[in-house]
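Features as listed in Swiss-Prot:
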type	residues	note
BINDING	HIS115, HIS138, TYR208, LYS357	heme b binding site
BINDING	TYR208, TYR315, HIS432, ARG435	pyruvate binding site
BINDING	260-263, SER290, GLN313, THR341, LYS408, 468-472, 491-492	FMN binding site
DOMAIN	80-157	domain 'Cytochrome b5 heme-binding'
DOMAIN	182-542	domain 'FMN hydroxy acid dehydrogenase'
TRANSIT	1-73	transit peptide
Amino acid sequence: MFKSQLRTATARSSFRSLASKLNPQRFNSSKTPLLNATRGSNRSKNSLIALAISLSAVSSSYYLYQKDKFISADVPHWKDIELTPEIVSQHNKKDDLWVVLNGQVYDLTDFLPNHPGGQKIIIRYAGKDATKIFVPIHPPDTIEKFIPPEKHLGPLVGEFEQEEEELSDEEIDRLERIERKPPLSQMINLHDFETIARQILPPPALAYYCSAADDEVTLRENHNAYHRIFFNPKILIDVKDVDISTEFFGEKTSAPFYISATALAKLGHPEGEVAIAKGAGREDVVQMISTLASCSFDEIADARIPGQQQWYQLYVNADRSITEKAVRHAEERGMKGLFITVDAPSLGRREKDMKMKFEADSDVQGDDEDIDRSQGASRALSSFIDPSLSWKDIAFIKSITKMPIVIKGVQRKEDVLLAAEHGLQGVVLSNHGGRQLDYTRAPVEVLAEVMPILKERGLDQKIDIFVDGGVRRGTDVLKALCLGAKGVGLGRPFLYAMSSYGDKGVTKAIQLLKDEIEMNMRLLGVNKIEELTPELLDTRSIHNRAVPVAKDYLYEQNYQRMSGAEFRPGIED
């Protein structure tokens, strides 16, 4: 009955109003081309979203790495002619292609062959208004930063007429789930946020967030490795007053964990990384800002409250002058640490993400011979990552900043020792959340191996060891801290919290994790972070992957299994 009513004009209008209040960026109005799909066309709509994600990914990086990033330019108008929808719509071919964004008309003809995200999404909107698909997941002024000023033709005069379209069954179901999601107060652990997010995110956005490399063995092992570590708690200890605060690089923080850098947060919520900044600020937890954020760096930095700490995650560009500008700007804006990603000379095969890109290709372009099957929202980023980055570049990076320098993506003890030799302030034991090389070891397993070596060589007090990947519980954080980690990073859990409930969801997730840490410190018999030592753990099974462990049903329930190839839909579909 609900679906039937939605298909009437009045009911659809009413539901749009409701959906706009629930999430104005996911569902805007009857003019929204993405979400206003005809019946049975959910596949096409998801394809457009997938293409937009690819465009967002590459343009975010391109935007950050333009040489004139910090230079403004005057924008000329096009021959003083009124750029009406009728005129713009005539420029809809590859050799004469205009697009409207934010009420402004751009000539993308010359840019089309060089667009790192591919030509398909631009061609799809040739001679049309692409604002609705572009704005929700891009930093402001992105176009102006990477399209030459002379290609900005001027303002659109008038509006494009939009066709009334009917919602698909799948989209109606998703919007109904958003309406029925439980109140924030019912979230009692980080798994709960993921459960909700998986039901309300558009499929391409979910695929981008949850995808991992190849068979996703490392993704699951990152979490499962914590199940092979058990506690040896102390008893009869006065634990009335427990303090979970710590210091990172000499700066006090309320908890021993931080929010890891993740790309394209606006896919889940219209405020994106700004929502994460707000939620983290309320709880005095460090946020690491991604190079590939969907909000601009300055937007995220501006969202800080006084005293709030943020770190900057960096992909090094082949043009070192571009990297230098970005690093110096981050330092000027008060970033407290520079985290250089070193595990991505090329981005991994994230097949859930790639399958969404395949659907987009088949809908936009009929000739399969021209489709680049290596692409997806993730791999589209790789053209901006310098594969020649090596240890010799550390000296250059140290010369351009006074921020503490940490390399993120270390996966073996030998490289931890090299980092110490190069005078780095820290490393993050990480495999990119299982999104790069599959069958790499879980970071917590590497942590258990490397810390005794550092202590033996007297290096454990000279370099900070951070760890991320697979963390879902306060007990996971405590296990890593007992093994010697300085801090523990979480990425996806906070994306899911933000996607489900915005900045308040981020705050709630932090509070839940803090509560778990404090409670379990009491049960362990410790009062301070400094009292967490290896003696409180039984790690005899950490390296033995054949040891059976109790199933984590909440984690398994949320894990989205990979699927094989699918046939094309039939005519009746």
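Backbone N, Cα and C define each Cβ position, glycine as well.
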Given the binding-site residues HIS138, TYR315, HIS432, which one's Cα is the least distant from that of SER290 (FMN binding site)?
TYR315
Could you give the Cα-Cα distance between TYR315 (pyruvate binding site) and HIS138 (heme b binding site), in whole Å?
18
Model confidence over the domain 'FMN hydroxy acid dehydrogenase' (182-542), as mean pLDDT, sits at 92
If the pyruvate binders are TYR208, TYR315, HIS432, ARG435 per the record, what's the largest distance between their Cα atoms, in Å?
19
Rank the binding-site residues SER260, THR262 by the number of other Cβ atoms within 10 Å of each Cβ and report the first-ranked residue.
SER260
Please give me the CB contact count at 10 A for SER290 (FMN binding site), counting all chains in the structure.
27
Would you count the other C-beta atoms found within 10 angstroms of the C-beta of ARG435 (pyruvate binding site) for me?
23
Near THR341 (FMN binding site), meaning Cα within 10 Å, which of HIS138, TYR208, HIS432 (binding-site residues)?
HIS432
Based on Cα coordinates, which of the following binding-site residues are within 10 Å of HIS432 (pyruvate binding site): HIS138, TYR208, ASP468, ARG472, ARG492?
ASP468
Nearest-integer angstrom distance between the alpha carbons (Cα) of ASP468 (FMN binding site) and ARG435 (pyruvate binding site)
13
For TYR208, TYR315, listed as binding-site residues, tell me which one has the smallest number of other Cβ atoms within 10 Å.
TYR315
